[in-house]
Amino acid sequence: MTDAQMADFGAARYLRKSEKERLEAQTRPFDIRTECFVPDDKEEYVKAKIVSREGGKVTAETENGKTVTVKEDQVMQQNPPKFDKIEDMAMLTFLHEPAVLYNLKERYAAWMIYTYSGLFCVTVNPYKWLPVYNAEVVAAYRGKKRSEAPPHIFSISDNAYQYMLTDRENQSILITGESGAGKTVNTKRVIQYFASIAAIGDRSKKDNPNANKGTLEDQIIQANPALEAFGNAKTVRNDNSSRFGKFIRIHFGATGKLASADIETYLLEKSRVIFQLKAERNYHIFYQILSNKKPELLDMLLVTNNPYDYAFVSQGEVSVASIDDSEELLATDSAFDVLGFTAEEKAGVYKLTGAIMHYGNMKFKQKQREEQAEPDGTEDADKSAYLMGLNSADLLKGLCHPRVKVGNEYVTKGQSVQQVYYSIGALAKSVYEKMFNWMVTRINATLETKQPRQYFIGVLDIAGFEIFDFNSFEQLCINFTNEKLQQFFNHHMFVLEQEEYKKEGIEWEFIDFGMDLQACIDLIEKPMGIMSILEEECMFPKATDMTFKAKLYDNHLGKSNNFQKPRNVKGKQEAHFSLVHYAGTVDYNILGWLEKNKDPLNETVVGLYQKSSLKLMATLFSTYASADTGDSGKGKGGKKKGSSFQTVSALHRENLNKLMTNLRTTHPHFVRCIIPNERKAPGVMDNPLVMHQLRCNGVLEGIRICRKGFPNRILYGDFRQRYRILNPAAIPEGQFIDSGKGAEKLLGSLDIDHNQYKFGHTKVFFKAGLLGLLEEMRDERLSRIITRIQAQARGQLMRIEFKKMVERRDALLVIQWNIRAFMGVKNWPWMKLYFKIKPLLKSAETEKEMANMKEEFGRVKDALEKSEARRKELEEKMVSLLQEKNDLQLQVQAEQDNLADAEERCDQLIKNKIQLEAKVKEMTERLEDEEEMNAELTAKKRKLEDECSELKKDIDDLELTLAKVEKEKHATENKVKNLTEEMAGLDEIIAKLTKEKKALQEAHQQALDDLQAEEDKVNTLTKSKVKLEQQVDDLEGSLEQEKKVRMDLERAKRKLEGDLKLTQESIMDLENDKLQLEEKLKKKEFDISQQNSKIEDEQALALQLQKKLKENQARIEELEEELEAERTARAKVEKLRSDLTRELEEISERLEEAGGATSVQIEMNKKREAEFQKMRRDLEEATLQHEATAAALRKKHADSVAELGEQIDNLQRVKQKLEKEKSEFKLELDDVTSHMEQIIKAKANLEKVSRTLEDQANEYRVKLEEAQRSLNDFTTQRAKLQTENGELARQLEEKEALIWQLTRGKLSYTQQMEDLKRQLEEEGKAKNALAHALQSARHDCDLLREQYEEEMEAKAELQRVLSKANSEVAQWRTKYETDAIQRTEELEEAKKKLAQRLQDAEEAVEAVNAKCSSLEKTKHRLQNEIEDLMVDVERSNAAAAALDKKQRNFDKILAEWKQKYEESQSELESSQKEARSLSTELFKLKNAYEESLEHLETFKRENKNLQEEISDLTEQLGEGGKNVHELEKIRKQLEVEKLELQSALEEAEASLEHEEGKILRAQLEFNQIKAEIERKLAEKDEEMEQAKRNHLRVVDSLQTSLDAETRSRNEALRVKKKMEGDLNEMEIQLSQANRIASEAQKHLKNAQAHLKDTQLQLDDAVRANDDLKENIAIVERRNTLLQAELEELRAVVEQTERSRKLAEQELIETSERVQLLHSQNTSLINQKKKMDADLSQLQTEVEEAVQECRNAEEKAKKAITDAAMMAEELKKEQDTSAHLERMKKNMEQTIKDLQHRLDEAEQIALKGGKKQLQKLEARVRELENELEAEQKRNAESVKGMRKSERRIKELTYQTEEDKKNLVRLQDLVDKLQLKVKAYKRQAEEAEEQANTNLSKFRKVQHELDEAEERADIAESQVNKLRAKSRDIGAKQKMHDEE
């Protein structure tokens, strides 16, 4: 979008980058290889440039000039400049945390606060007003697609609105974030946008009959101020923080016009009503009322305008700078009016708010000598009761003495002061919460209109994830809500992403990311989750928070990964459990959760609330029902009880589930709000704070999910247009190619990873980073093309310029030629005549042209007039047509509206029709099914009736079979009993196995302990070895250690100084606090003194008044004496009255108890009532008499009494006022004294803390002084040692100067020096690492001191040696100097002697030092080190072998126990399964047996019937053919019976055929199962063969590698022997010189050797430790593999078990299939034999493979030991080279010194002549030649060492590979063994099954034989009957013929 198009948005620069910025970003230089982000402690990440990469580490220079070195995986690439301030962060090429952070930061710096992040929008709070919400911006965003406009909350809103209209689907906008992030403001903007566009669309129809209420748009907007007044408050982060969540649904009609709205609220923070933190305040409404903007409110609520007068609202701050409470009150009141609240409703809301303020001022005190509470003043109670419409006395009574139901009776319970205050707080919170909920309901009623509504858009404004230092029940509810919303967010986002892949036809395996958080959600909400356990605990009366915690731990600790035990840190709040949420781990404190969840109320006071005269109060608590009232109710009463006692957690879960249900029915849009900083400073972004929110809000998670697939996508046309430049030949210009195919060709022709992109139907999809690579390639291509174009353009320009120059030259030549020709003819007469005639010819031509032009003008004029007339006609026509067009447009618009409505109705009707058709179809199908079922049931009924008639006949026969069945029952019971006994035995086996498992675990733990002990022993041995070797450590090592000690001490000193500074600062802070408290204390004391003086003045005034009061009392007493008689009389009457009343009450109580049942009691009651009436009359008479007397006395003393009464009233008022003031002062004094006590306590605590801090500071000072002293001691010792070292070094240099004089070989030495320097640096690093390890190991002070003393002794010994050498050197020097001074005159002789001595010394040095420095030291060192290292290697190898042996034994034991456990487990499972299968088989066999018995009985009955019929027939035949008619009847009967028998036979044959079909099917299935099992066995055999071949190949490769290693080892040994021979020869030549020359260097060399030995031993120990760890890891991997294999085998066993069960079920269906079982058994037996043979073969093969593995393992161990020896030899060679390097450095220094001395000697010996000088120079040249030869030999030895080192590395690598192969072979062998065991188990199970089936087969075969015999008998009888019937028929036929 261009800048001109962006101008429509009004505030363009706050929404999108300008074109200029985009161009500058694209042209800015950028190197993608060096520009990066690196981590930073303060800023999270900073931009940097990579300087170098080395060894997995990167050195980079940050943008602020700082150089840092970090690991390579911590460096993250920057995106190219074209992605700066990108509007959608999902399009970033390199998407990671720093890229997201810096994109947000750069946009925020440019005030672009909205940014897309994939499918959602991120907004950052600007903390200032931006012009991006006005009407111009609203209009600009209306109807724009997301891609057409910059990111904005209006764009999200408009997209939701357009989706709603086009997709016909409800929408939702989820706005989340922390408090102060701008959620409420963005919610307002969304509502403003919808109200605006709805108002634009429906402005003509806004006619509301109630003008005061306002339009629906106004009401929706005004709902916010009303809810904010009662639901928003100032917090630490936000001055207008919403303390509740809300879901606002805005309903629209079918055409998108606003219809209605409603609001749902969640989690109102009730606790804020009675408690606020210091920097916070209560809800805004309290301070708005107290702002005195509406004085009538203060009068109505009986409050002042001072918030500090009310405890509930003055615990924190009472005013906010950014909020004008008085103006907000007017806005709230106006919002009530717009929302249609009546005056009574408004007054009720204000009264309840004021009553809550008075509630907080109610005071209670403890009764004397009791724990019960009583009111301490009733003024505030009276006010609150008045405002709530209650009786004050009843309210106080209900608070102090509530009625509690105990059993079936009510008991009055006394409350303590603390309980009363808790009850008041709970009631205040409940009143406020219910009032707030009522307001929401009332607003919803106002926003509910009768207009039709089709869809809605919901806006969710809810608190974000909260992780505080103290997290309670509220945080759990909020975090649980966010967990559910995040799950919904993940699911929705990635489902959309994957749907696009599906729509585009990309191959994609669907992944459900929504279940990522299900474990945590289930932990909270599922049965026996946290919420469930909390609700369960709330049901128990004795439950506490600790029982709740114990249940949580029992159910979830160790069972759920999301539930953890927290680590409590000192200084922080205690935490009881931790939950792993998606945003981080949160520690929760459960104190008070049960009370919070139950939220109990004082039911006595609630009962008063229900009877309140204030209508709103009664309405709020009308639905509340207590536990006792709910018990007796039925129907609706029961529901009320359940709802009123619903816990807070259950209610929250119910609301949350409703919310999630609503959200799932909508299309969601997500907005994440971010706080940029805690200081509310505009334009400043705190990186760590923002990163924390991005993680908690799921922004990074959302981008990760969005990017997991193919985040970058481009339409084919756009891709082809932009990237065709990369390879134009791939898409030829002349011919047409489809964009998709063109993109495919183009990408295929590029040199990129072709797995990084996919082709969809309309787009090409890219993985992350590939698009950036294409951009880089495009930029390079463009730069090359532009360079070429520039070159061509410059060439073309120069060619054009050259052409112009040529043309100018040609033109000049032509002009010159013409001028010359003109000059030649200008005076010619004919030419002059031509000049004169030429103009005349032109004038004639012009006249002709003028005439033609006039004619043309006339024609044009006529045409113009015609066209003008025509234009006027057309204009008239156009006007009429425009009018018609407008009319038609109006008609079309109306028709379109009607058509839209008709289409909607049509769609609705079609949907209804489809639904009805589906219902009709379903009903017809159901009807058909019912008819079929009815027909079947009718047939069954008929059949059953027939069977019933037959069964009635068979009852007698069945009785006979009962006995047999009983016997079988007893047999089966015996079998069941045996099975139960077997089960008991199996249970015992299980118990034994569990015990063995425990023992195994204990043995495992013991083995681990032993392993740890062995490691400790190794560590102690290593430490002792280090300690022993440190005793002979050299001077250089000790100095380095002392330097490190000093550095550590300096570090400790700095740390202590920092701690001291911090401590001093904290002490200063405490002292400042102490001073402030003392000042406050002084102020309070001054106030107290003032109050005391006031009290004294008041007391004096009270004394004066008391005097006057006494005088008046004296006068009153005189008058009272006259009234005394009357009083006594009245007292008697009153006493009599009270006695009668008491008797009456007693009588009435007795009457109530007795029930007035008897007539005697009735008569007594009547008598007593008569007496009572008489006494009442007497009393009334006495009262009248008394009143008359009193009236007379009053009249007598009226004047005096009136005066005294007035005085007394005045005095009483004064007294009451004084007492009130006194009580107030007393309360204030109590508060002040309590405050003073608190201050004194705090002061004492602070003094205690300060004393402890001072003690700590003193201890730190003492420690610091000790450290300083030790540091000073170390410094002095170091200086001393340095001086001694310097002296020693100087002496050594002087000694060596005599040996290595005049050596010059720098040029040939430089290359070797560099190599040796690198080796030295590596050795130095290793040395530093060793020193660091030693330092970290020095945890014991005594050990350090001992080591230090031993080192000092070694140093003293060295010092003595050095001092001796020094003395000798000094003697030589003094002697030499004295000789030189004394014999100056004999200079020539001295020079000769000196030359002779030098020559002798040089000869000695030539014989000694050349070979000494090169080989003798090497030989000694190698021998010593080889001996020591061989001892160490043998020791470590022995230890490693012992540990390895233990490990192997342990592995074997573990494997055996595991095998036993698995076998027993499998046996148990198989036995259980077999028991179950046997029971099912028993049941089925029983059923089959019963069926066979039934068949047998039917056959018997049929036989019996036939026999009876035969006997009847024979009897009839015996009687003779008495009657032909009777015989005819008999014949017909027999024919009928014959037909019945034939039908029965046919049915029997059909059933036999059916059973035979079943048998055939079972045979087929069994054959299939058999083929499957054989196929699996064949596959297993092939796998075994393949594994065997692999093993053989691996063993062969191991054998070849071992042979190569053996050959290389032999070669190395040969080289070593040769070197040892050379060394022996050199030793003989140099032994004597060695003793003279290397006396002082042996200590240094021995110390270095010991240091290297120590390092090698430490490396060996580390390697051994690593090997042990690797072995443990291998064991664990083996365990996991065994477990996995076990699971696989279990699955296979279960699968085979299922198939076996199916086969058995089919097998037992009929008795005829028994024969098939027999064949199966035989085949199984054959298979078992085959499997046994295979198993034995496999076992032999496995044993052979195991043996081969063992042999290979032994060979590998040998190779490892050989490699270790070679590595040790290499290490020795390295040590030798390092020593040579040091010797070389010393020699170079000596050469320098000798050169200096030689120069001095040359100056001294200038007079000595040139001959001596020439001799010395010749000698120097010889020495140089020898040195070069020595250097060559040294270089050759270094080359040999490097070769051996490379060989050792190769061998080491080969041995590691062999180890891995061995491990793999071992794992494979273990798997094969397990498989063999599994096959064995399967074979045994198959054999057992075959035996059981065989026994069953035999049993059933026997029964079948019996049944067949019975069937044969029956068949023979039937045949006989048939023959008889045929005979009878023949006879009958013959009889008929006769």
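Counting begins at 1 with the first residue displayed.
Using the three backbone atoms N, Cα and C, a Cβ is placed for every residue, glycine included.
Features as listed in Swiss-Prot:
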| type | residues | note |
| --- | --- | --- |
| BINDING | GLY177, GLU178, SER179, GLY180, ALA181, GLY182, LYS183, THR184 | ATP binding site |
| COILED | 842-1938 | coiled coil |
| COMPBIAS | 1924-1938 | compositional bias 'Basic and acidic residues' |
| MOD_RES | THR378 | phosphothreonine |
| MOD_RES | SER416 | phosphoserine |
| MOD_RES | SER1089 | phosphoserine |
| MOD_RES | SER1138 | phosphoserine |
| MOD_RES | SER1270 | phosphoserine |
| MOD_RES | THR1276 | phosphothreonine |
| MOD_RES | THR1283 | phosphothreonine |
| MOD_RES | SER1308 | phosphoserine |
| MOD_RES | THR1310 | phosphothreonine |
| MOD_RES | SER1511 | phosphoserine |
| MOD_RES | THR1514 | phosphothreonine |
| MOD_RES | THR1680 | phosphothreonine |
| REGION | 656-678 | region 'Actin-binding' |
| REGION | 758-772 | region 'Actin-binding' |
| REGION | 1907-1938 | region 'Disordered' |
Residue from SER1089, THR1276, THR1680 whose C-alpha is spatially nearest that of GLU178 (ATP binding site), among the modified residues: THR1680
For LYS183 (ATP binding site): DSSP state (helix, strand, coil): helix
Whole-number Å value for how far THR1276 (phosphothreonine) lies from GLY182 (ATP binding site) (Cα to Cα): 65
Cβ-based isolation winner (fewest other Cβ atoms within 10 Å) among the binding-site residues GLY177, GLY180, GLY182: GLY180
Winner by Cβ contact number (other Cβ atoms within 10 Å) across the recorded positions SER179, THR378, SER416, SER1089, THR1276: SER179
SER179 (ATP binding site) and SER416 (phosphoserine), distance between Cα atoms, whole Å: 38
Other same-chain residues whose Cβ falls within 8 Å of the Cβ centroid of GLY177, GLU178, SER179, GLY180, ALA181, GLY182, LYS183, THR184, the recorded ATP site, in sequence order: ASN125, ASN238, SER241, GLY464, CYS673, ILE675
GLU178 (ATP binding site): secondary structure state under DSSP, collapsed to three categories: coil
Predicted model, mean pLDDT over the region 'Actin-binding' (656-678): 90
Sequence-distant neighbours of ALA181 (ATP binding site) in its chain (C-beta under 8 A, six or more apart): ASN125, GLY464, CYS673, ILE674, ILE675, GLN693
Nearest of the modified residues (THR378, SER1089, SER1138, THR1680) to GLY177 (ATP binding site), judged by Cα-Cα distance: THR1680
Proximal but sequence-remote residues of the same chain as LYS183 (ATP binding site) (Cβ under 8 Å, at least 6 apart): ILE175, THR176, GLY177, SER242, ASP461, ILE462, CYS673
Residue from THR378, SER1138, THR1276, THR1283 whose C-alpha is spatially nearest that of THR184 (ATP binding site), among the modified residues: THR378
Tally of DSSP helical, extended and coil residues in the region 'Actin-binding' (758-772): 3 helix, 6 strand, 6 coil
Pairwise Cα distance for THR1276 (phosphothreonine)/GLY180 (ATP binding site) [Å, integer]: 61
DSSP-derived structure type at THR1283 (phosphothreonine), helix or strand or else coil: helix
Densest Cβ neighbourhood among THR184, SER1138, THR1283, THR1680 (recorded positions), 10 Å radius: THR184
